[in-house]
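Participant: Below are the features I grabbed from TrEMBL:
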ACT_SITE  2  active site, for GATase activity
DOMAIN    2-185  domain 'Glutamine amidotransferase type-2'
BINDING   98  L-glutamine binding site
BINDING   231, 267, 341, 342  ATP binding site
SITE      343  site 'Important for beta-aspartyl-AMP intermediate formation'
């Protein structure tokens with residue numbers, strides 16, 4: 001992941017303002033510690049903090065078209081950039097960066113190209129020919145983006161709020177699947193899948209179709225020029241990601257550089273069932289597995305840093321972010337810069353415990369749609385910012401655009417039966433929501449507002465002899 005900051009329409013274009021933009025951009029350096037870049041053009045500034053994953057040698061940003069009339073700063077990965085380059089053979093590319101294709105697509109097609117991108121991204125682009133600019137965010141909101149307004153009428157964009165809070169009169173989260181155009185002065189949705197309207201799908205479940213779509217989603221995310229691994233909790237979602245990545249690693253570009261043994265990582269309190277399950281999966285797959293531990297006190301000590309980086313006070317998100325934040329630091333210390341993770345599966349398939357109580361397939365499907373639309377506020381935010389805090393990139397195959405289309409076209413009746421058969425009951429860290437209380441009154445008796453800290457789940461971690469004092 002990288003960090004981007006862009007400002008348009010500044011009244012003050014002095015060297016002091018340039019220095020201020022650089023200072024604010026430094027607040028995002030944890031996201032991209034490999035390179036810092038800044039382009040200034042009249043009353044506009046585009047800054048970038050780079051985490052080099054693809055083409056580390058020449059892909060520094062901002063990026064340009066041939067004559068440098070179009071400038072773009074990007075946070076993310078474009079997995080189909082090679083196929084898109086084939087459609088742009090008349091264009092001359094300056095780097096091997098996957099993100100450079102955005103500048104050339106705009107030059108070729110104007111603003112109507114974002115739907116062609118297959119990946120996770122937030123970008124801001126300046127067209128110096130008419131001084132117009134656009135900003136866009138990926139379909140689900142895997143990468144963060146915020147938009148703000150200065151007192152002087154300037155318009156700001158940034159990967160995190162901390163780059164906007166002191167200089168913007170107001171700011172907001174940039175909506176996923178949307179594009180902003182200075183020509184029209186407003187946001188419009190570029191991502192319009194059939195499931196978005198929440199109409200009930202009726203396609204019969206075909207396991208081979210779903211499997212093919214998932215394998216394709218994992219394989220395309222093996223595009224990397226740096227060491228990588230998989231976050232393995234031992235649950236079904238991350239285990240599937242690890243299994244597919246392990247099976248197809250030898251066919252990927254990454255294999256040529258990093259070898260055939262997949263690296264997997266897990267973290268937990270002493271006695272955590274996740275550690276046991278992850279170790280079992282890693283042994284079966286033959287991965288090089290790293291197991292990390294933290295204590296309750298270490299989690300408490302990290303809370304201030306966690307909240308600073310994830311920029312939310314949501315209890316559930318903070319709880320889930322803390323171990324991921326601690327693990328990311330350990331992973332980065334091993335020289336790894338990219339990981340695959342399993343976010344999104346529970347939202348797509350009704351994997352949370354309360355989905356058992358859905359009264360009918362209509363309400364089940366509507367709730368999955370609602371959960372997916374809100375991912376950018378919770379799970380995507382957690383996965384991105386917890387890892388980016390240490391210069392680590394997280395990729396999420398379950399939130400692949402094509403895979404979501406396949407998964408959300410399945411008759412929800414099929415998902416309801418699968419959830420009842422495969423999601424266990426008993427002590428759980430399943431999510432509780434207002435809908436859960438509506439479907440099952442027993443959830444209202446849960447005194448934990450996050451709905452996740454089920455009594456007794458981690459008792460061993462609180463025992464004196466289980467605390468690691470090393």
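Using the three backbone atoms N, Cα and C, a Cβ is placed for every residue, glycine included.
Note that this is a predicted model, so its numbers are computed, not measured.
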Participant: What are the other residues, in sequence order, whose C-beta lies within 8 angstroms of the center of the C-beta atoms of 231, 267, 341, 342 at the ATP site?
Facilitator: 230, 232, 233, 238, 265, 266, 324, 327, 339, 383, 394
Participant: When DSSP is mapped onto helix/strand/coil, what comes out for residue 343 (site 'Important for beta-aspartyl-AMP intermediate formation')?
Facilitator: coil
Participant: Report, as a single number, how many Cβ atoms besides its own are within 10 Å of the Cβ of residue 343 (site 'Important for beta-aspartyl-AMP intermediate formation').
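Facilitator: So the number of other Cβ atoms within 10 Å of residue 343 (site 'Important for beta-aspartyl-AMP intermediate formation') is 26.
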Participant: Near residue 341 (ATP binding site), which residues of its own chain have a C-beta under 8 A away, given they sit six or more steps off in sequence?
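Facilitator: 230, 231, 238, 241, 383, 394, 395, 396 - these are the non-local Cβ neighbours of residue 341 (ATP binding site), listed in sequence order.
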Participant: Measuring CB to CB from the residue listed as 'active site, for GATase activity', give everything in the same chain under 8 Å that is also at least six residues away in sequence.
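Facilitator: Once residues fewer than 6 apart are set aside, the residue listed as 'active site, for GATase activity' is near 31, 32, 48, 49, 50, 51, 61, 74, 75, 76, 159.
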Participant: What is the total of other Cβ atoms whose distance to the Cβ of residue 231 (ATP binding site) is within 10 Å?
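Facilitator: Its Cβ shell of radius 10 Å holds 25 other Cβ atoms.
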Participant: Need the DSSP three-state call for residue 2 (active site, for GATase activity) to compare against my parser.
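Facilitator: For residue 2 (active site, for GATase activity) - judged by DSSP and reduced to three states - the answer is coil.
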